[in-house]
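Undergrad: There's a structure below that I have some questions on.
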């Protein structure tokens, strides 16, 4: 598809406001992540708190750890991960699968490689509104075969949440969100609507592309591209190789964010409460002291 065959239809196209290269760092027990959101250059993109591209081989992983106050979305790019938590829940997600875990008032769980070789994926943390931070935990697990997909003019998309090319995902999110995995063939272009007022970013998994406006400088793999205000995103793949990226957008909560490691609340007092609840095993952490994934 030539770059001139489809006019850009957005009244207010979103431009690139910030571009952050995510560098490898150690996390968990011997695991390696590339952290873009949640690092020193990009604290958060309301309602998104963290984005890690993880790369993990046995025996490394993410052993028993708590969460409170937000959702974790794990999307497997390659390989398999087994998670288990203190409620007795256990499951394995494989290439293309998604686990959407709402930690709510409290979860203690582990996430460990379930296959040989390098396991790769994305983990996105989405904040919960203050009214939802202490609700009961819940999970949605979506197998790869059940993820909505669409294809048009050299662009394929896996729609984890939201709508693209007239196809909508059935996944429910407490915080209004869209999250998609696009693959664009060389020479293709994309014009994807994004709800006005939502914050949005792109994370490039492989290849390079031109984002926002036709004369922009291309962005390449492992860059997080934060988008400005507007009603949609235009992307061009002018390279000779496929471009793959995740697009995420969400309705901002506009609430205070106070974070202490795996706890994200609205005030320092609530963080102190979360730490005490975890330590003393109360308010959702009753099973914490008796449980071990091993």
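Just so it is clear, glycine is given a Cβ too, placed from its N, Cα and C backbone atoms.
Curation plays no part in TrEMBL annotations; they are all automatic predictions.
So TrEMBL says this about it:
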type    : residues         : note
DOMAIN  : 32-126           : domain 'Pirin N-terminal'
BINDING : 65, 67, 109, 111 : Fe cation binding site
DOMAIN  : 179-284          : domain 'Pirin C-terminal'
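Mind running through what each feature is packed against?
TA: Within the domain 'Pirin N-terminal' (32-126), the DSSP-based counts of helix, strand and coil residues read 0 helix, 62 strand, 33 coil.
The Cβ of residue 111 (Fe cation binding site) has 28 neighbouring Cβ atoms from other residues within 10 Å, across all protein chains displayed.
Across the domain 'Pirin C-terminal' (179-284), the prediction's mean pLDDT works out to 98.
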Undergrad: For residue 65 (Fe cation binding site), just count the other CB atoms lying within 10 A of its CB, please.
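TA: The Cβ of residue 65 (Fe cation binding site) has 15 Cβ neighbours within 10 Å.
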Undergrad: Return the residues near residue 109 (Fe cation binding site), defined as same-chain residues 6+ apart in sequence whose C-beta is under 8 angstroms from its C-beta, sorted by sequence, else 'none'.
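TA: Correct list: 64, 65, 67, 83, 84, 85, 86, 101, 293.
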Undergrad: For residue 67 (Fe cation binding site), just count the other CB atoms lying within 10 A of its CB, please.
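TA: Taking every protein chain into account, the count is 25.
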